Amino acid sequence: MRLFVSEGSPGSLPVLAAAARARGRAELLISTVGPEECVVPFLTRPKVPVLQLDSGNYLFSASAICRYFFLLCGWEQDDLTNQWLEWEATELQPVLSAALHCLVVQGKKGEDILGPLRRVLTHIDHSLSRQNCPFLAGDTESLADIVLWGALYPLLQDPAYLPEELGALQSWFQTLSTQEPCQRAAETVLKQQGVLALRLYLQKQPQPQPPPPEGRTVSNELEEEELATLSEEDIVTAVAAWEKGLESLPPLKLQQHPVLPVPGERNVLITSALPYVNNVPHLGNIIGCVLSADVFARYCRLRQWNTLYLCGTDEYGTATETKAMEEGLTPREICDKYHAIHADIYRWFGISFDTFGRTTTPQQTKITQDIFQRLLTRGFVLRDTVEQLRCERCARFLADRFVEGVCPFCGYEEARGDQCDRCGKLINAIELKKPQCKICRSCPVVRSSQHLFLDLPKLEKRLEDWLGKTVPGSDWTPNARFIIRSWLRDGLKPRCITRDLKWGTPVPLEGFEDKVFYVWFDATIGYVSITANYTDQWEKWWKNPEQVDLYQFMAKDNVPFHGLVFPCSVLGAEDNYTLVKHIIATEYLNYEDGKFSKSRGIGVFGDMAKDTGIPADIWRFYLLYIRPEGQDSAFSWTDLLIKNNSELLNNLGNFINRAGMFVSKFFGGCVPEMALTPDDRRLVAHVSWELQHYHQLLEKVRIRDALRSILTISRHGNQYIQVNEPWKRIKGGEMDRQRAGTVTGMAVNMAALLSVMLQPYMPTVSSTIQTQLQLPPAACRILATSFICTLPAGHRIGTVSPLFQKLENDQIENLRQRFGGGQAKGSPKPAAVEAVTAAGSQHIQTLTDEVTKQGNVVRELKAQKADKNQVAAEVAKLLDLKKQLALAEGKPIETPKGKKKK
């Protein structure tokens, strides 16, 4: 067989990725041809990719070629995969071809490209979310995944065309993009030029016809699709759960101290990367580790799983010695000072550690030395002489953080002796260009020193076997998988585990008494020692791999030490240690249009947040809303204002406050009787579906996406109130008053559910709602899997008051100036912000009502198969109303670019 591909041919991407599967199954020659070369003699125009079979026949559809390769590998066809392939050909390709032509050939950008794509991208995201599987056709990669990945890659490799709200699509795309066959295919076709590599090929192709305009918006489509997929059986099941109420909740487990695993139950051990004690954490540090882990820990407790959440300050190493010199203190004094600062910051942010410890303890020394001795006796420790930088003026070897210079990889002028902050690459200090001693600023010289190394090559097979068993069925984030795969692909090398320092865990070996363990060897052991300081039964957590699920949260730069160095250490120690099952790594959070910098006064740091006057829960909400899960994200003051005033004040807070106020004002503070109509029953089922979706997302640690489920339920609640108008019905006849009671009772129960769903994200707000509604204790501490009636008729609520305050533009502008952040690129101007925040809640209610009514008009016309022009006119009205509503709610509206069609 011979496969013909072309550089810059989009169809060559999936074909090359699929061809990698067929290697060894058949003799395959791959030839690269020009875009004008006619391979298939009977086609009227040149076309690649082409597969010439041994029989002399040709396959010249990318999908057909991929199918052929998969069949060679023994793939068995299934209906779902075939359905995806049909959809790709009939729905995705027309939209995608037009978008690529607009971008590459015509040079258009932004919404001109993304606008037509939103529907198809949302469909993929929604399908992945619904089936709760990592791939399109199930738990394993299929032909459909390769074909759709190849089709989408040229566009989605640019984060601008992969909307952040499509979390399931992001995760799927990144998982496939990090696989070696896909990476090689991308390198072959795009040649590291990105989408521009397609220009020559696409210029030779006929211009694709643009897809017909959509008759409804994506948000409307989503809404209809979700409701339409609820079967009568779904509704009956949901209503049955609703009617059981609190009886359906399991018995409330008593809280124990210390928290210990229980055989036969779900036992979850959660760690957050240990922050360096000498640094005050900024918002990016907080969301990357402790806050993300806190959300998951709180969720696990709501599920009544035995959950231990721990963290602590990483106190040994060169960074501490350097900070001590700067401040004229001893290392111990520095550790005491900054440990207290860290603890205070996390306390203010509401981080619910079961224990927050430190690494400068006798337990740390004992456990680290024990693991080292076991590695030593088993032959996994090497001795070698290392070339090191020595400062003759200071008469000492310079450990990595005592030296700075120019990065040998990217040229960054302030690179440390261990890692470059700009490119992230690990560095040996002697590789630095123009090195300087951080203490005296003199130029150090190279000298030799004997050190100990962890023999990672000798442990590589054990590591790969463990990864092969662990990662496929786990929730490792795509970036964590990619980072570890990259290290293994390059081959592991012995890793130095000692340093010429005073402040650290002593090395218990003759001849090395003047050295300490390298912080990257013993810092991860800190999780174990912190647990040992929490309970003398620590081995029930850390030497119990069969019964404990270990989740570790971190920023992506910490992945090699948690996914490679620490596992190799304990695998070599052969002492039945619990190994990580799930590594949850974030990308980086930037500040406005730059980076956080304490020295330059740029960005909000943890000790400053409480001085802004903005409550901790608002910070939590916004950081979790923009959590950098699939790509870097940026903190923006303008966006914080918009999200607070729209999502919290006008959406979530407005609904919960109205629900409670209706009970107080119209029904004397007692929940009224509820007589559910078919529409109410359907709403119960829809809320249950959204709740189950929330569970599925959080069980997969998709924290940002699960937050959207909360906001979706509150939006439906607002719409439910607007449509049914209980404030009017309460003044009517008996039937109207009964209807007002049902709507109010349903709404206040939705508010009760939201209070529990909010608990992992906004614990103080959650507690406030539960106090206002006088929620029963069991309902506060257990999150049901279905929407149940927790506030039955006759339940008396407490005093209801607003949950959130509006953020004013002047207030935010002052904070932006105070923290040194310039206006973020692309952010609305102050006048625009005034416009989006000026609308009152009554105006928003009116617009919401109008959108609902107009949506019903459009749906009815479509159901009647009315004249297309009539439908188009009504759709235009609906779009205009939605635009007005988005503006009133403070949601940014993209101005269409380019010329209008005539």
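The backbone N, Cα and C atoms fix where each Cβ goes, glycine too.
Matching 45-49, 595-599, 845-849 against Swiss-Prot, the residues noted as motif ''KMSKS' region' span 595-599. When you go through Ser9, Ser827 in Swiss-Prot, the residue listed as phosphoserine is Ser827. Looking at 253-263, 275-285, 737-747, 858-868, the stretch flagged in Swiss-Prot as motif ''HIGH' region' turns out to be 275-285. Among Thr307, Thr578, Thr837, the residue that Swiss-Prot annotates as phosphothreonine is Thr837.
DSSP labels the residues of the domain 'GST C-terminal' (74-212) in these numbers: 97 helix, 2 strand, 40 coil. Residue counts for the motif ''HIGH' region' (275-285) by DSSP state, with H, G and I taken as helix and E and B as strand, are 3 helix, 2 strand, 6 coil. Across the motif ''KMSKS' region' (595-599), the prediction's mean pLDDT works out to 72.
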